[in-house]
Amino acid sequence: MDSRRLFSGSFSLKNIHPSVLITAVFLVAYPSFATDFFIFQIGAYSLILGTIALSLMMLAGYGGMVSLAQLTVAGLAAYLMAILGDNSMGVMGLGWPWWLTVIVSVLGAALFSTFIGAVSVRTEGIYTIMITLAVAVAFFYFVRQNYVLFNGFTGFAGVEPPTLFGVYWRDPVPFYYLSLVVAVGFFAAVSYCARSTFGLGLQAIRDNPRRMRALGYNVTLHRIVAYFFSGIVAGVGGVLLVWFNGRVSPGTVGVDVAIDILVIAVVGGMRHPIGPFLGAIAFVLLENFAIDLIDRERFNMVIGAAFLLVVLFSPDGLLGLWNRVRDRLRFRGNAQLSAERVNKDDPASSGSLEKS
Amino acid sequence: MRNFIERHTFWAIVLLLVVVLFLWMIFAVWPDWLVEAFGRKKTFVNTLLNGVTLGGLYFLVASGFTLIFGLMRNVNLAHGSMYLLGAYIGYEVADRTGNWFLGLAVAFLAVAISGVLLQVLIFRRMANDDLRQTLVTIGISIIAADAMLAIWTGTTYQFSPPDWLFGAADLPIISVIKSSGAAVYIKYPVFRLVVLAIAVAVGIGLWIFLNRTRIGMMIRAGVNDREMLAATGVNVQLVFVLVFAIGAGLAGFAGVIGGTALSVAPGEDIRYLLASLVVVIVGGLGSITGAAVGALIIGLAEQFGLAYFPTYGVVLTFLIMVVVLAVRPQGLMGGRG
């Protein structure tokens, strides 16, 4: 997956790795052979969760800032959709046109994310995770207690996507394609962003903030802008999430769900934007089919154990596991080439997770 | 203290005035205009006492959290699970033996042992990688929460401490003077005062332990420079284990105390984790004094928020955190940035 070549201008069909083509064909053709359950509950849901986790991956993988508040940002967008748009609860529901609601919700979420960033980037490293966790928990308790604006414990229901071009967008197939377009769009944007001046600056700040400050970079501003961008990604994820569920309640933004997003990003791998999507697919499959193996009640135990195993034994997630297996296979054939490839091709291999 | 007055004379005077005002509001019989503005005096004094005792409870939980962080740079996000585990174990023991104090002791010991196991089996393997350690504690807290839900189900448990700890006491504070001239005194649950007393005792005990004993000296030295301490021949790993045992044990201890004062139920782990986080962010990570100050502020803010503007209580706590972070990112008492 060589995004550098893809966006450097000298792009031709020959440069695309066959696995990318296969994945693309599979993703587009998926609804033609899958059942509605697999399209909607597995496909679309994985893409939505992957998008939200992508916003975390962007912050943590490129910026070295592990934020537990990404789901909270998405949740705020979801709540704004219900408050500004229509809902069936009789609380709020200002009835704005859908396009305005979406824009304002996403921007509101991005501003909230910027605010979280501004609060948390003043401190370094491990504080971020604590402050963002505190924000996430506080937001959860706030929406649960507040009945005037957020309708308290019940939350909102009946939040629907608009019917546009004669298509009801909550039907499995249209909704799947909508999620796919959003997910692929952000995937490409993040891949591109990582190679832009801003992205490179952000990664350099992750690795050595002091040196970057000495070089004249505004470290704080870079980090806050990263929070703004990730807020947009998370916000759009939140809009899709509320359309997917049709409802939003304090349970949607609960701490356990916020941690699930972290689990998805860590299990998938934080080195490459494809990681969160891999993690999301694994998570959703496990969530839906773990019932067959164990008690439904003990699902968290499985998730927790999987997460713990990944953190303990493969800190860079499934992606890292795959890379290592591949490298080992190649190593047998051609040790020299493999070593070269790792050095040249993978500048993020001494990544953020060790450093923070 | 004198240093503070000399350096910040203005703030010292403001602080003194606030304290005097509070004392007056506590002990004076309220004139009518004040009752009109603030509601009944009883509400105010009860809220104040609730806030202070809740602060005491928060201090018990957060002191262990901050102690562990101070020495090991380990943000133990499983601290809330340890609190809940202590509460459940204490409940089981107290329920079976009928002895509340035995429950308290066993909870302390059992959770301390679980802390030692964590340190020896897991954290020692990944020293100097604080983000990974934190992620591991998240994984552990997910599993622990689910395991506890499986064992103790979703029921709410209520401790039954000795009778003399329960009941209410008359405080020497007059609430209102009846038209007949008889004074009505404010009643307050004894156990909540006991919580406060225990918190103060634990605070003083920790201070003496850290500042007046040889092991405490080693711990303080470890906080400042771990490598130098190891170089002088101290077995740092042993000190780590000890600190982890005390920190975790305090969480279990607080679990029984908090479970008795309030109740034990799933979800409490998150609540007390949030409390510990906010307390140490406000007070300053790694500082016991900071934990005390932070706990008092957060306890009071939470209770006053609950009493005077119910739906926005959480926001008040959160605002305090944001303001502190904006003004003093290292926390009120945090020395190092």
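Each residue, glycine too, has its Cβ placed from N, Cα and C.
Annotated transmembrane segment per TrEMBL: B:12-31 (among others), in sequence order.
Positions annotated as transmembrane segment by TrEMBL: B:51-70 (among others).
The transmembrane segment annotation in TrEMBL covers B:77-94 (among others). A Cβ distance under 8 Å defines the sequence-distant neighbours of the transmembrane segment (B:77-94), meaning residues of its chain 6+ beyond its ends; these are 61, 64-65, 68, 100, 102-104, 106-108, 110-111, 114-115, 118, 134, 137-138, 140-141, 144-145, 148, 151-152, 157, 159-160, 248, 251-256, 258-259, 264, 266, 268-274, 276.
Proximity of distant same-chain residues to the transmembrane segment (B:100-123), defined by a Cβ-Cβ separation under 8 Å and at least 6 residues beyond the stretch ends, is recorded for 72, 74, 78, 82, 85-87, 89-94, 133, 136, 140, 159-162, 165, 240-241, 244-253, 255-257, 260. Summarising the annotation, TrEMBL assigns transmembrane segment to B:100-123 (among others).
If you look up TrEMBL, you'll see B:135-152 (among others) marked as transmembrane segment. Long-range Cβ contacts of the transmembrane segment (B:135-152) within its own chain (Cβ-Cβ under 8 Å, at least 6 residues beyond either end) map to 74-81, 84-85, 88, 118, 122-123, 126, 266, 269, 273.
Residues or ranges marked as transmembrane segment by TrEMBL: B:193-210 (among others).
For B:238-265 (among others), the entry in TrEMBL reads transmembrane segment.
Within its own chain, the transmembrane segment (B:272-301) is flanked in space by residues 48, 51-59, 61-63, 65-67, 69-70, 77, 79-80, 83-84, 141, 203, 206-207, 210, 223, 254, 258, 316-318, 320-321, 324-325, 330-336, which lie at least six positions past its ends and keep a Cβ under 8 Å from the stretch. Per TrEMBL, the feature transmembrane segment maps to B:272-301 (among others).
Taken from TrEMBL, the feature transmembrane segment applies to B:307-327 (among others).
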In the same chain, residues at least 6 away from the ends of the transmembrane segment (B:193-210) whose Cβ sits under 8 Å of its Cβ atoms read 52-53, 55-57, 59-60, 63, 67, 165, 169, 216, 219-220, 250, 253, 257-258, 261, 288, 292
Excluding the flanking five residues on each side, which residues at least 6 beyond the ends of the transmembrane segment (B:12-31) place their CB within less than 8 Å of a CB in that stretch? 4-5, 38, 41, 44-45, 48, 173-174, 176-177
